[in-house]
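Novice: Quick paste from Swiss-Prot:
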DOMAIN    543-657  domain 'Fe2OG dioxygenase'
CARBOHYD  N446  N-linked glycosylation site
CARBOHYD  N535  N-linked glycosylation site
REGION    395-427  region 'Disordered'
REPEAT    196-229  repeat 'TPR 3'
REPEAT    292-325  repeat 'TPR 4'
Amino acid sequence: MAPGSRSWGAVLLLAAMLPAACGSCGADGGPLEPFDALYASGVEAYYGGDFAGAARCLEQALRSRRELRAERLRCRRRCRGQVRLAALGAGPAGELPFFGALLRRAGCLRSCEEPRLGAASRHRAAEEVRSDFQRRVPYSYLQRAYIQLNKLEEAANAAHTFFMANPEHMEIQQDIENYKTTAGKVSLIDLEAKPHMEDYSAGVRHYDKEEYGLAITFLERALEGYYAEDEDCQIMCEGPQRFEEHEYLEYKAGLYEAIADHYMQVLACKHDCIRELATRSGRISPIENFLPLHYDYLQFAYYRVGDYVKALECARSYLLFHPDDEDVLENAAYYEGLLEGTVDPATIKPRKEAKALLRRHKLESHLLRVAAVGLGFTYTEPNYWKRYGARQDEHSVPSSISSEPEDGPRLSLTKKPTPKPDRELKEGGPLLYSDVKFVYNSQQLNGTQRVLLDNVISEEQCRELHRVASGIMLAGDGYRGKTSPHTPNERFEGATVLKALKYGYEGRVPLKSARLFYDISEKARRIVESYFMLNSTLYFSYTHLVCRTALSGQQERRNDLSHPIHADNCLLDPEANECWKEPPAYTFRDYSALLYMNADFEGGEFIFTEMDAKTVTASIKPKCGRMVSFSSGGENPHGVKAVTKGQRCAVALWFTLDPLYRELERIQADEVIAMLDQEHVGRSEMNINPKDEL
């Protein structure tokens, strides 16, 4: 089976069209071999069974892509320095100095790049290929090739690198667990890690442990890396752009229209570097408030190590982005008081790089807004510095000052605690809905943090949801196209909430029915949050409507499971009776729930086991409206017995207490619902009858 999730015809076609690259990985010397040609050669070698050749070509493809970017950055920096753009002069010839400098810079770039890269057209990869590299698909091929070559450490790192950008890929996760079983506890390396993001995460970890000196070291290094990456991102935006609204032969732009078209795309790209740098691999949405958070952590960390000058400097840097933040305003005032008599607080300014970035960002925003009005295109400014909810709901964010008379004034850190296995566990809270029936608690299910409920949804809702599922599900959806991700004896089909709403909005399924999926998942979330008596908000991490169907002719003498025994936020090691809470596990998941839609199938029981993955502690037969929920850690290993006849459907829900890991599609679905509600209100106010399905 192909390592990726789509047809590889385009890549293989590219291999056929590039005979010079096939069967080899480029000649020594000469211009840099295009990464798309090397990739095509690697894929061709893989499917031809030449795994050594595949690994060699894929490694060179990845290296070529990195070298291409590095060479373009080097040349663009060099030509920026050598050829300064001239100001416009007065009179009819006033534009000539500017355009003359522009032409000289273009010539500089060509003469700089051509010796190493060759003609620019050699490196214009197809969108599909660029997307593969963005999604790290070459690493999926690489890990398979390494397995065949018995290079298990390299295979594990390639699999881990792919998984970091594809966290829902269950097959790769299983592969990594197999590597751990085979080679013991291995140290996995993300070969495409963003250094500034790694340093930020390390800084936050040390901060959480109150190791403030180490936190400062990593967070300061993260800032250095961030600003360096921002400069690189700005420069890379100066490359070719696509004119999607004018991709037809008749388009003939005038001089200024063509310049404006291109520059607006460059400017929008540069403006969005802030989002790019704040986005983790494989995610669409950035970490909210990412850059300001560095200064927020640092202002308190510096206070705790006694460096009040740096604390005030970082507090004022943070206030550039959020000048009305009362907590940090109080902190800054407190730091000023600590410095009285030693340093004049007025001499301590926000950091220059933060001021410069914010000034540039505001100017970019202004130009984009002006251009949108003048050139007639739509532009909506994202909230790049958005803070999610109240400060106390954010993860590990420094807060305000409190006075404690017995010790004198000092800072009080208010932060949402990171969920730990030894936190106080509660259950038995209200179920919130009168029709929901309690069945079993943790003790009755022979475990910890478990509950079984019935009547969460009605028979009619089950039928309606099943009808929606039939209209929107695709084989392999949610499993990167793998139709049988856990067992070859069953077919898996799935869909997300956002997909359901999209289909409903397009009229492909009744919108009322599509919204039911959204509403019942929210109902389940509220029940779980209430029953387990959580003192902070429970967020969606992933929501998936999934049906698994027994394949006819493949059910005799089955001894496999529909879904192998696993834990949801750690890597289960049955032999060691351990569950390793580390990547690539979904370590941010805290609670899970399965809401069942039907019972007309054979097999498919949900089971809890001991950590040995063998001793069954509870078995649950699905039926319409039944929901099992549990904490996601190693205390609750679970799986699904083989479905031997019929189709088993359920809504699978995973939740997190960390808002940084909220489900991206859920946020988008919330926006769709808000938009639909607003449209509905608008129609009501105009006394217009909405469509039936609304």
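Each position is counted from 1, following the chain as shown.
Here the Cβ of each residue, glycine as well, is placed from N, Cα and C on the backbone.
The shown structure was predicted, so the numbers you read here are calculated from the model rather than taken from an experiment.
For the listed features, I'd like the structural context: burial, neighbours, distances.
Specialist: Averaged across the domain 'Fe2OG dioxygenase' (543-657), the predicted model reaches a pLDDT of 89.
Mapped onto three states, the DSSP output places N446 (N-linked glycosylation site) in coil.
A C-beta separation below 8 Å, combined with a sequence spacing of at least six in one chain, links N535 (N-linked glycosylation site) to none of the other residues.
Listed by sequence, the residues of this chain that lie at least six past the ends of the repeat 'TPR 3' (196-229) yet keep a Cβ under 8 A from its Cβ atoms are 190, 277, 280, 290-291, 294, 297-298, 301-302, 304-305, 353, 357, 396, 418.
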Novice: Please list, for the domain 'Fe2OG dioxygenase' (543-657), how many residues fall into helix, strand and coil according to DSSP.
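Specialist: When I sort the residues of the domain 'Fe2OG dioxygenase' (543-657) into the three classes, I find 0 helix, 61 strand, 54 coil.
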Novice: So, by DSSP, how many helix, strand and coil residues make up the repeat 'TPR 4' (292-325)?
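Specialist: Split by secondary structure, the repeat 'TPR 4' (292-325) comes out as 27 helix, 0 strand, 7 coil.
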Novice: With every protein chain in view, what's the tally of Cβ atoms within 10 Å of the Cβ of N446 (N-linked glycosylation site), excluding that atom itself?
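Specialist: Step by step: centre on the Cβ of N446 (N-linked glycosylation site), count other Cβ atoms within 10 Å, giving 13.
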Novice: Let's see if you can do this one: DSSP helix, strand and coil counts over the repeat 'TPR 3' (196-229), in that order.
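Specialist: Grouping H, G, I as helix and E, B as strand yields 31 helix, 0 strand, 3 coil.
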